[in-house]
Structures are given as structure tokens and as C-alpha cells.
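Asks: The structure that follows is given in the form of C-alpha cells.
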Amino acid sequence: MFEGFGPNKKRKISKLAAEQSLAQQPWVEKYRPKNLDEVTAQDHAVTVLKKTLKSANLPHMLFYGPPGTGKTSTILALTKELYGPDLMKSRILELNASDERGISIVREKVKNFARLTVSKPSKHDLENYPCPPYKIIILDEADSMTADAQSALRRTMETYSGVTRFCLICNYVTRIIDPLASRCSKFRFKALDASNAIDRLRFISEQENVKCDDGVLERILDISAGDLRRGITLLQSASKGAQYLGDGKNITSTQVEELAGVVPHDILIEIVEKVKSGDFDEIKKYVNTFMKSGWSAASVVNQLHEYYITNDNFDTNFKNQISWLLFTTDSRLNNGTNEHIQLLNLLVKISQL
């Protein structure tokens, strides 16, 4: 009577559930490097870290560089090779930007984990992994920590260095206090070159059977500005959109630009032409229409910067003045000022140059 619910049926259900979970997983996680050999274009860091696998003598580390260059992926790949998937659960503490980063979290959560006695590995883990006698605390986006929290962290690093190693990850190394940075081995993660990034995007699109028009992957890379994580996410979002359009539909550059919130080139040229006219009423009218269409003023600032600064038709003095106006507007937008007013002010001032 209950034959259909035997062990074989349960295994099939479990396998199906695992496949569905993998299919729904973000591609950023699905294609994250599983070991150091899979880390792309960070040869120096990978070479040095591979040596630690042989000696199991790991220093405190500071990974810094632009977003989406593999900093977090590299330390996670290293910990997998050091401990294996099972022991990692008890040996690794990872805190990221979603966690409280003040002095209290350092004094409580970080300190409590750092002082724990290292658990004994299983026989299986010892046979297959180095399993060094220390834990690792990964602090992602450490440059967002307050100076007081960083000072408290320095004392914790000194006290528990016998049983705990720290890996600090940040975009801006200058925001890490010197007493903390001096206790770490620094690894600079450079922005991925175009060929490596394109190869990775092409590999993922082939694995996922995603079809793209010519130049789409290059456009994704251009929009993501070297951030491979953002590029992979954008590729996945575009693939979902193409699926809804029906079988055989390719991802187009237009779809990618719409998903990324990029202002289309023809609209950007219209803005430039309105600025050239120098007519305040025309500029004001166009800005009103533009903002009602839902475009972002920040995107316009970035694209105007690219248009004017890379254009050889403008002299150096004009570019200097444009750069200052764009910098001022970008700063004000980041401080939360009104987008409509700032965009209007920017375009009017450019028209007066």
C-alpha cells in the first residue's frame, strides 16, 4: 500500500529538490570559485595563498580593491581548501555589511568567537584537508567599520592570534586605521581585464544555455564597470527577461540597458542638443519630461561624464570645467539632494560654458 513512499522515492524527491534549489540559486553564488585554481585574474594573491595550504601558516590578511574582483570568493575558496565543507561551519565566522559594525559587535560577537577553543577535526577531515589549529573571522566591507570598532578589533587580533586569524575585506584600504592594517598581510585585487571578464560571462551563458546578440556581453561588462559580480547578476536578470519573451529569443543590448537603468544613447544625445541650444525654457521642459519618465539623475551624470571627457571635440579647459560641475552634482546627489533641481542646475550651467 505504501510502496510508493519507499527509500528510492525519497531519494528521488530529495534529488529533485536539490536540483530545483540549484536552478533558483543566484548565478553569483552558483558560479563562485570552489577552489583557488578557479579564481580569475588574481595570480599574485592566489600564488601566495596556495603556499599557505602547504605550510598551514596563515597570517592576518587584508584584501582590498574594487568591488566584484573576487575578494570574498578568494577567502571562501581558501577556507574550503583548508577545512573542507563540514569543518568550515565551526571554524569560520563571516560578517558582512548587513551586520552591525559598531564597537559592540567587536566586543561581543567577534570576541566571543575568537576566544573559542578550536574543535578537533574528524578523521576524514584530517585525511583530506590541512585543518590548521585556528579559526578564521572574515570581516567583509571592513572599511565601513567605525574607527573605535577598528581599534577594538586590533586588541582582539593581538589577544587571540594563537587560535584565530582575521581576514579584512574592503574597497578602500585608506579607510582602515594604520595600527590594524600594519598587522595584516595586504593583498591588492586589481580590476579584471576585459578578456578575463568576458570569458567568465561567456562561460556562464554557455552553461545556462543563454543566447545573446553580438556585443551584448561587452555591453554588460561596460555597464558593470569591471564589477564581475554586477555583470553576472545583470546577465541572469536579462536571461529571465528573454525567457518570458519565448523560446529562441536572444538577449539584446537594449534589454540590458533597460535592466541596468542606463539612459538610452538617443536620449543622451537629445540632452546634449538641448544643452547646446542654451534655451533655459527648453532645458527646463525637457528635464521635467525626463524625470517623469523615471530615469535616474545619477545615471545621466555618469553618462555625461563619459560623453564629454572621452570626446576629442572638446578642449581641455572645457573638460576641466565640465568635470568640476559633474563632480559637484554627483556629490550633492550622494548627499540626498533633489534630483530634479540638481539635474536642471547641471544642464543650465553646462549650457553657459
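Just so you know, glycine gets a Cβ as well, placed from its N, Cα and C.
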Asks: Among ASN112, ASN128, ASN171, which residue does Swiss-Prot name as a further ATP binder in the site formed by VAL28, ARG32, GLY65, PRO66, PRO67, GLY68, THR69, GLY70, LYS71, THR72, SER73, ARG229?
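Replies: Looking at ASN112, ASN128, ASN171, the one Swiss-Prot places in the ATP site next to VAL28, ARG32, GLY65, PRO66, PRO67, GLY68, THR69, GLY70, LYS71, THR72, SER73, ARG229 is ASN171.
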Asks: Neighbour count, 10 Å Cβ-Cβ cut-off, for PRO67 (ATP binding site): what number do you get?
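Replies: PRO67 (ATP binding site) is surrounded by 17 other Cβ atoms within 10 Å.
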Asks: Greatest CA-CA distance (Å) over the residues VAL28, ARG32, GLY65, PRO66, PRO67, GLY68, THR69, GLY70, LYS71, THR72, SER73, ASN171, ARG229 that the record ties to ATP?
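Replies: So the maximum pairwise Cα distance among the ATP binders is 19 Å.
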